[in-house]
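Asks: Can you read through this structure? Questions will come right after.
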Amino acid sequence: MPISPALAERIATSPKAELHIHIEGSLEPELMFALAERNGVKLPYASVDEVRAAYAFNDLQSFLDLYYAGASVLLTEQDFYDMTAAYVARAVADNVRHAEIFFDPQTHTARDVPMHVVIGGIVRALDDAERAHGFSSRLILCFLRHLSEADAFDTLEAALPYIQDPANRIIGVGLDSSERGNPPEKFARVFARCKALGLRLVAHAGEEGPAQYVIDALDILQVERIDHGVRAIDDAALVKRLAASRVALTVCPLSNEKLKVYPDLRDHSLKQLLDAGCAVTLHSDDPAYFGGYMNTNWLATFNALGLSAADAHTLARNSFEASFLPEQDKALWLNAVDIHWRAHT
């Protein structure tokens, strides 16, 4: 049963934190085409409509193939600025007040786009967003798991000068790309090095991979947050562990439906995980490719699963509690969330 218009409005206007957003995955077809034209890049699509037609993927790999083709238009600092500024505009419109944004340097350095170009453009846009909108943000550098451990180490070393400068907003590392055949332990030594450097640790696990990958991300990589994690529902002991530890799951329902992790949003495990006491949070993943930014994901999920106002309050609180913000900042945002939801009860 669809939620009421009143609840939909409360959800849309609620403060939120977005913790699972790939900045390259926010590249809309219109901007992709504009950047291709600006940079003289030939795309394998004749029109914006052809790109949108290509969005009928069947699995994670077919999505990734399109994702990396789209990234080929990103060549200059201004390109990264424009992409990031476009994401921020969408996030601000959805009442996202804080975002911890993934970026994939290997996608760009492999194309001979220097690290300073990637980080420089993204950070400049985030600095402008903070000044213009009070938009709070941090960056999480993600390693591509289909590449080698050695490549990840090389990327970490190249990024260290940027990581060590707080002005660049990089607070942690993550692990993304193809799960199949690339278990967490492949990057155990890389994550140990990152932990020694004092970086926050997250990893994609339990999306297309099994519940065991969630366990391995926790035990071997020692992550503080699990990105996706929906296959945890297949292991009752793991669900109990996640609920007890309050290690957050950054769940992306429209992404899961689009990539056939679940055949239909009504089959999604989010409500089961939430009802079991897990620290579930709700995000957009790659919104340009999966058909929705934050509010679209929230509203679609609430309509499909019949979630309540109390669930919305919990999910909004969880998003800030699971963030890597300083405790005093978390407290301010949690208070804002409580005021918003209690005003409507």
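Just so it is clear, glycine is given a Cβ too, placed from its N, Cα and C backbone atoms.
What you see is a predicted model, and the numbers here were worked out from it, not measured in a lab.
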Asks: Based on Swiss-Prot, name the residue from His98, His108, His204 that is recorded for the same Zn(2+) site as His20, His22, Asp285.
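Replies: Given His20, His22, Asp285 bind Zn(2+) in Swiss-Prot, the matching entry from His98, His108, His204 is His204.
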Asks: List every residue in the same chain as His204 (Zn(2+) binding site), at least 6 positions away in sequence, whose Cβ is under 8 Å from its Cβ.
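Replies: In sequence order, Arg145, Gly174, Leu175, Asp176, Ser177, Glu179, Asp227, His228 meet the Cβ cut-off.
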Asks: Please report how many Å separate the Cα atom of His20 (Zn(2+) binding site) from that of Asp286 (substrate binding site), as a whole number.
Replies: 9
Asks: Using an 8 Å cut-off from the Cβ centroid of His20, His22, His204, Asp285, can you name the remaining same-chain residues around the Zn(2+) site, in sequence order?
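Replies: Apart from His20, His22, His204, Asp285, the close residues are Ile21, Gly25, Phe102, Asp176, Asp227, His228, Thr250, Cys252, Ser255, His283, Asp286.
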Asks: List, in sequence order, the same-chain residues at least six positions removed whose CB sits under 8 Å from that of Glu207 (active site, proton donor)?
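Replies: Result: Leu60, Glu179, Asp227, His228, Gly229, Val230, Arg231, Asn256, Leu259, Val261.
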